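Remarks on the structure that follows.
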Amino acid sequence: MNSIILLHVYCLFLQNYLLGILISICGNVLISFSLNIQKYAHVRQAQRGSKPYYTSGVWWCGVTLMGVGELGNFAAYGFAPASLIAPLGCVSVIGDVVISVVFLKETVYTSDIVGGTLAITGTYLLVTFAPHTSTHITAHLVQYYFISWHFLLYLLIEIILFCILLYLYKRRNVKHIVVVMLLVALLASLTVISVKAVSGMITESIQGQLQLIYPIFYVMLVVMVASCGFQIKFLNQAMKMFDATEVVPINFVFFTTSAIVAGIVFYQEFEGLALLNILMFLLGCLLSFLGIFLIARNRPKIKQQDGNFIEMNRIPGNSLCNPCAILGTLPVGVGSSRPTRQCAEPFFFNDL
């Protein structure tokens, strides 16, 4: 009898785990479609030279799909480990390459094929060897994790690093891309922790165990909104100062790494995981990172003059891509777009 009960519990967990993966992949594919729809709307409006792009129904259709995709990424955190959902953001990079080539007739490069192959291989390894254990996220569990000594130590280290980097960036005027993207990554780790907590507690509430009456839910909600806001701020500044071919892959690597570390430290997702699984999981991350860099490698580097964003009513031959999409998961995330292709102006929903 006990073995039957355990088997039933495992099947339910596996069902939720696969559901989280499926939701994340579908969300990232929707983000890819949304970016290309917005891209198409920009091109069409530019050719007609008529009304601004935001008066186009096609553009708003793309925006709506973007919102649905990011909502899917948010929901996925409630079903699967954060250390798995974050790296799946590379799916939208692959999707964007395929969609832009098939529907927008853009040029496919050898680096796109090799990078896409590596990213797909990495995604397979991630799904296969990622932690297959995930607890139900309740308010009491989040409170327990929140006051654990290893998280408090991790939070203290993050605060110290963030203050040092912010001092270098603001006071010493150190404008190196690594400094800015590390600021984004440190905020992203808090975003991932809070997003999974909020999403998990909402999921539990929907399933019948109300979690919204506990103060920790609203604490995590505030942390999520605040960290997303500041993350978007620094990411916007990075897109002003540096080219998308630099920002997008570096942001993906830093965000994914911070999400994995956050999942390990706060939610203890690697606890009890075999050494082989850990090594293969890390190999999957490495292949995904390499694939993203290869896809971005041969894109022409176009910087905006005077450090300003593209004007809202015109589209040049090439423009910056949507930086929030590379986060895939939300902050956040936050899917991803193909760097420096002609696409929508920076448009943020997450950061997650």
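Placed from the backbone N, Cα and C atoms, the Cβ positions cover glycine too.
The transmembrane segment annotation in TrEMBL covers 17-37, 58-79, 85-104, 113-132, 144-169, 176-195, 215-235, 247-267, 273-296.
Between the transmembrane segment (17-37) and the stretches 85-104, 113-132, 176-195, it is 85-104 that has the most C-beta pairs under 8 angstroms. Remote same-chain residues near the transmembrane segment (144-169) are listed as 175, 179-180, 182-183, 186-187, 189-190, 216, 265-268 (criterion: CB distance under 8 Å, separation of at least six residues from the stretch ends). Across the candidate stretches 113-132, 176-195, 247-267, 273-296, the maximum count of CB pairs under 8 A to the transmembrane segment (58-79) is reached by 176-195. Most Cβ pairs under 8 Å with the transmembrane segment (113-132) belong to 273-296, among the candidate stretches 176-195, 247-267, 273-296.
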